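Feature annotations, courtesy of TrEMBL:
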| type | residues | note |
| --- | --- | --- |
| TRANSMEM | 6-28 | transmembrane segment |
| TRANSMEM | 40-57 | transmembrane segment |
| TRANSMEM | 63-81 | transmembrane segment |
| TRANSMEM | 88-108 | transmembrane segment |
| TRANSMEM | 120-139 | transmembrane segment |
| TRANSMEM | 160-177 | transmembrane segment |
| TRANSMEM | 189-208 | transmembrane segment |
| DOMAIN | 191-313 | domain 'O-antigen ligase-related' |
| TRANSMEM | 220-239 | transmembrane segment |
| TRANSMEM | 305-322 | transmembrane segment |
| TRANSMEM | 343-365 | transmembrane segment |
| TRANSMEM | 371-388 | transmembrane segment |
| TRANSMEM | 400-418 | transmembrane segment |
Amino acid sequence: MSDKLSGFLAGGLLLATLLIPAFSWLLPLLSYDTQRLGQLLLLALLVVFLIAARAPLLAGYRLLAWFLFWGLASAGINGLVLDQLVEVSLFALLLLAVYITATLIDRYPAALALWVKPCWLLSALAYVLIALVYLIVLYRLQGGVSGHEPMHGFINPRFFNQYQGWLLPVLTGLLFLPRPTWLSAPTWWGLLLLSLGMHWALIWQTQGRGLLLGRPGRRFALATLGVAVLGAILAWLLFDAPGLDPERSRLLSAGLSSREQLWARAIEQISHHPWFGVGPMQLAADTVAGPRHPHSAPLQLAAEWGLPALGMVLVLLVWAAVRWLRLARTVVLGRVSSRVEPVWFVMLTAAMATAALQSLLSGVIVMPVSQLMLVLVLGMAFGLYRSYRPGPSLSARSTAAVKLLAVLALMVLAAYVTESREHVEHTYERGRGQQGQGETLRLAPRFWSDGRLSAQPVATLARE
């Protein structure tokens, strides 16, 4: 595959990834399930891209391989059912996607200027335009907007807030970058400010507290404050936004929204299964009613994969964060020649900080759109780091092994999707039926929107 074609395909995959949240209503399924299928399709395309590409992947961070191996060991010890292998396979493909993204950024740094800026803006604009269409329809049908009605495309506004947590720091950083040469200045800055203002208006409406975190740097903070004020004005004009009403606002609330109960359940499982956990994804099989994950990434990994797996992740994250921040500081202060605009380091740091803090309180590592944004942001950061601090690439033998494992992971996921087809379709029909009766479908998402593992005909591979 030629370098030109590789760069073109990379840009196409980037655009498709960023546009998934806005067009998750296209299939006759619940939006969450459509997003999951879109995610799996993109991961499959990335595997095809990996197999066809000539250039080897970047190497490094062998601890991730041990983390996945520990997940397989946890699955084996806890019965080796298909849904456990699905979780390990999905994490493996997401990590592989991070490496593919990093390799593309390292080898095609021009992609930052050519693809990333317009794609990020198009992603934000696509959702804004769809939200505006629904606003117009709601005003014509019922004379106003209440609740989370403009949130079409996400079954829960918090899932949308997770997407915004990854999106908005990068979108805000575009204010400090030159506009693409193929767009006029009024068009670029007008669309960018419209996107930022509308997304902040939706934050004021949905009251996503986690989005108030992770804004480093004085200039960056001032820019964020400016677009937040613009969003407040738009929210006041368009919505009945509770976030602007001191008596109704939850943005400054310190309440945990019953998360302490989920954390207590996870800690109990950790105390009983400290080494290998209860098995990947097995908190979703809990017979107690409620969410299918503990709304905390560390507790989820410790309870399902075991404390050693969590330890591997934390060691790697702390080590990588220190090295990243050290490089970012030298670039931003101008101590090394900059290959890209230094603000890229600020915006990516802000996005990762926001997501890291949100992951302590929500399902950032669970929801399909958030997982895709994680791939893009971490992949871009890793690729930028390697462009300044070169490292080795995978050998031919290691590359062949990675390709084989990627194909096996895809086969596991394909088997799971086939097994789950009736379950996913039934959830959609149940939702339509309750909506027709004026009721709200209450779901507890995990892999699918109805995340109960007991509802799916799972094949036990070890005993059957």
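Cβ coordinates come from backbone N, Cα and C, glycine included.
Only sequence-distant pairs (6 or more apart) were considered; of these, fewer than three Cβ pairs between the transmembrane segment (371-388) and the transmembrane segment (63-81) are under 8 A, so the stretches are not in contact. Looking at which of 40-57, 63-81, 88-108, 120-139, 343-365 has the most CB pairs under 8 Å to the transmembrane segment (160-177), the answer is the stretch 343-365. Two recorded stretches are said to be in contact when at least 3 C-beta pairs lie under 8 angstroms, sequence spacing 6 or more; the transmembrane segment (40-57) and the transmembrane segment (189-208) fall short of this definition.
Sequence-distant neighbours of the transmembrane segment (88-108) (same chain, 6+ residues past either end, Cβ-Cβ under 8 Å): 3, 6-7, 10, 43, 46-47, 49-50, 55, 57-58, 64, 68, 71-72, 75, 280, 371, 374-376, 378-384, 386-387, 402, 405-406, 408-410, 412-413, 447.
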